[in-house]
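Student: Handing you a structure now.
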Amino acid sequence: MAAPLIPLSQQIPTGNSLYESYYKQVDPAYTGRVGASEAALFLKKSGLSDIILGKIWDLADPEGKGFLDKQGFYVALRLVACAQSGHEVTLSNLNLSMPPPKFHDTSSPLMVTPPSAEAHWAVRVEEKAKFDGIFESLLPINGLLSGDKVKPVLMNSKLPLDVLGRVWDLSDIDKDGHLDRDEFAVAMHLVYRALEKEPVPSALPPSLIPPSKRKKTVFPGAVPVLPASPPPKDSLRSTPSHGSVSSLNSTGSLSPKHSLKQTQPTVNWVVPVADKMRFDEIFLKTDLDLDGYVSGQEVKEIFMHSGLTQNLLAHIWALADTRQTGKLSKDQFALAMYFIQQKVSKGIDPPQVLSPDMVPPSERGTPGPDSSGSLGSGEFTGVKELDDISQEIAQLQREKYSLEQDIREKEEAIRQKTSEVQELQNDLDRETSSLQELEAQKQDAQDRLDEMDQQKAKLRDMLSDVRQKCQDETQMISSLKTQIQSQESDLKSQEDDLNRAKSELNRLQQEETQLEQSIQAGRVQLETIIKSLKSTQDEINQARSKLSQLHESRQEAHRSLEQYDQVLDGAHGASLTDLANLSEGVSLAERGSFGAMDDPFKNKALLFSNNTQELHPDPFQTEDPFKSDPFKGADPFKGDPFQNDPFAEQQTTSTDPFGGDPFKESDPFRGSATDDFFKKQTKNDPFTSDPFTKNPSLPSKLDPFESSDPFSSSSVSSKGSDPFGTLDPFGSGSFNSAEGFADFSQMSKPPPSGPFTSSLGGAGFSDDPFKSKQDTPALPPKKPAPPRPKPPSGKSTPVSQLGSADFPEAPDPFQPLGADSGDPFQSKKGFGDPFSGKDPFVPSSAAKPSKASASGFADFTSVS
């Protein structure tokens, strides 16, 4: 976790104006936000590597917003200054005192710096101070650091080994295998530049050479030799000999050949610089322990890879190992690789002995034995003493040379031992420093471990809390699932109940609809029945009123008949004149009693005559109600009259209007005890004979009404001939009962013969006027009307002598009694005429009923 940001007053104690100028370059509009691209372009001018800049960005933008505000940009500038000053890039180093950051840009105010004494050295003062601190931490010995001590520091940079080897070669300016303070600063400077993706130069540029090293002349390709060891004290003993030699030389007694060999000038090395650099890279890769030497085991694979023989490789190894140490330094390894390259590429065999230009530069400081040997025997002067002295001098010189050789060998051994001791000391110091570093790392690891333990404990607590919460949530989820399941089951049951209720509701609604339809149909049927009942009641009332009138007429007729009987019987001794007067009186009485009624039949002469002017105005004369068949289209009683809309349009098919009985199922008068008036009678029909037919054989009795009086109560004629004998069709008893309605179920049967069958041949009432057109029979031929009897004359004639022709005409019960008499069947106020709309006696134009007429009645208008 990133440390909390430090206030700006502590982060930037000085140089606020400089930081403000930097911020103005990236945010000239002062929006308070610096984008990632603008900040990256500006920070790259610092010369730092992308890795360091990425770390700086992460620290400056800890929340990962993708941009920097003013405070974050100041933190980034401060971290850049830390990196340029050699400090670690962390937020904890923001409080350190350090120079402001520098950016390679013309607009940067730090590009132009005042000249100083050390301005020509590339290592800045602050870097030098930092490198000096690191140098002191490595515990240098006599101001020098060996390769073993510098190696861990260089390895921490994670640079490739060849780059680190090149850095070592460039920084070891005096080639002594150690780095002093300035050389270490150069090495660290090169390492930091390499970390910033800058290439390491092949040769050290003059700007990187420390000022302390520039006083020495460095020849190209030459390397300064190690400082020689101080001469031993006993070497001073050879001074007299030198002096004597000098004296001898000055006297010219010795040959110039016997003088000491002079120092030879420095020659170039046979190994080219480019090959040397390439061989050095191979050496750094081979020198895994970085001790500056490679053993035979380390280079064996490289040498064997060349394909040369082992003897030749052993000879090359012996030539390169000039000091016979069993190891090769960097220059010796380069020389050996040069010999192998010459043999492989050019076929040049290595020499047997090294020439002066083949000796590595680091090995040229040690003089080899004088190949000329000691001083040669001088020319003999002929003086024995001088010759002895010369020989003694030569012997002393040889001894001196051998002693010097021994001294050099001893000094070399001492140097080797000292070097070994130094190396052991270095190893000890290195191990000590490594131990200290390990201890520090151990302490850091322990601290981190403690911190991790604390975090682990916290995480365990958090984990336990989370687990507890998970358990609680799991229990809650399980309980919720249980509730959901129960609710789902309840919901399902409720849905089932709802579906059942809906189905029951639908069924009830359908049943309600059916009942409503049935009720509606029943209401329509009831209304129809009520209308029919009302119409029937009206007809009954009319029939009752007419019946009462007929009763009165009958009584009057009976009284008249009784008077006639009395007159005829001679009870009062009256004459025929009195009988005629009585007849006239009865006629007047009848006319007076029936004056308000209009008999539609009037008299037979008028009834059956063709003179329409003598007849009473017929209400059915202007329009024939039977001109068209009202039931031609459809039979209203064929089926259920309430099955469909009773007001719907009638069907066009021809059906029987009385095909179905509307009272078949429910007769409102079924429970009455009185017999049906229209029920089929077992007795003879009173209308089987025509009352208007003339009796062919009159009885001997002069009374024409003795046997054929239809209104006589004491008539002895048979019940079959008397239409009113036993059963009065207009009696009050039949209409008082509840079963006074006609039985329409028997309408299809042929009706009995009517009272007009004898006179009209049964055509008057033989057919049902409401019968279908197909069932209507043809009418019989018309017969002339019977002649009426002559009225009695004024002469008195005995009763015994009277014949049928002389018998006075009996009053016609259907004859109108007065001029103002009306039709008893005509509709009155308060009475309904059942035949008001359909007149069965309307005249017909044809003798036979036509197909267009549905009437089954005979046409009485043409009967004469």
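Cβ atoms are placed via backbone N, Cα and C, with glycine included.
These came from Swiss-Prot, pasted as-is:
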type	residues	note
COILED	386-553	coiled coil
COMPBIAS	684-698	compositional bias 'Polar residues'
DOMAIN	274-309	domain 'EF-hand 3'
DOMAIN	310-343	domain 'EF-hand 4'
MOD_RES	Tyr74	phosphotyrosine
MOD_RES	Ser107	phosphoserine
MOD_RES	Ser108	phosphoserine
MOD_RES	Ser253	phosphoserine
MOD_RES	Ser255	phosphoserine
MOD_RES	Ser362	phosphoserine
MOD_RES	Ser560	phosphoserine
MOD_RES	Tyr564	phosphotyrosine
MOD_RES	Ser593	phosphoserine
MOD_RES	Ser672	phosphoserine
MOD_RES	Ser793	phosphoserine
MOD_RES	Thr797	phosphothreonine
Student: Within 10 angstroms of the C-beta of Ser560 (phosphoserine), what count of other C-beta atoms is obtained when all protein chains are considered?
Tutor: 21
Student: The domain 'EF-hand 4' (310-343): mean pLDDT?
Tutor: 87
Student: How many neighbouring Cβ atoms, not counting its own, are there within 10 Å of the Cβ of Tyr74 (phosphotyrosine)?
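Tutor: By my count, 22.
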Student: Cβ under 8 Å, sequence separation of at least 6 from the ends of the domain 'EF-hand 4' (310-343): give me the contacting residues as numbers and ranges.
Tutor: 169, 270-271, 275-276, 279-280, 282-283, 286, 292-296, 299, 303-304, 349-351, 354, 358-363
Student: Ten-angstrom check, please: count other Cβ atoms within 10 Å of the Cβ of Tyr564 (phosphotyrosine), all chains counted.
Tutor: 21
Student: Work out how many Å separate Tyr74 (phosphotyrosine) and Ser362 (phosphoserine) at their Cα atoms, rounded off.
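Tutor: If we compare the Cα positions of Tyr74 (phosphotyrosine) and Ser362 (phosphoserine), the gap is 52 Å.
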Student: According to DSSP, does Tyr74 (phosphotyrosine) sit in a helix, a strand, or coil?
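Tutor: Looking at the DSSP assignment, Tyr74 (phosphotyrosine) belongs to a helix.
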Student: Give me the CA-CA distance between Ser560 (phosphoserine) and Ser362 (phosphoserine), in Å, as a whole number.
Tutor: 195
Student: Between Tyr564 (phosphotyrosine) and Ser362 (phosphoserine), what is the CA-CA distance rounded to a whole number of Å?
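Tutor: Pair distance, Cα basis, whole Å: 200 Å.
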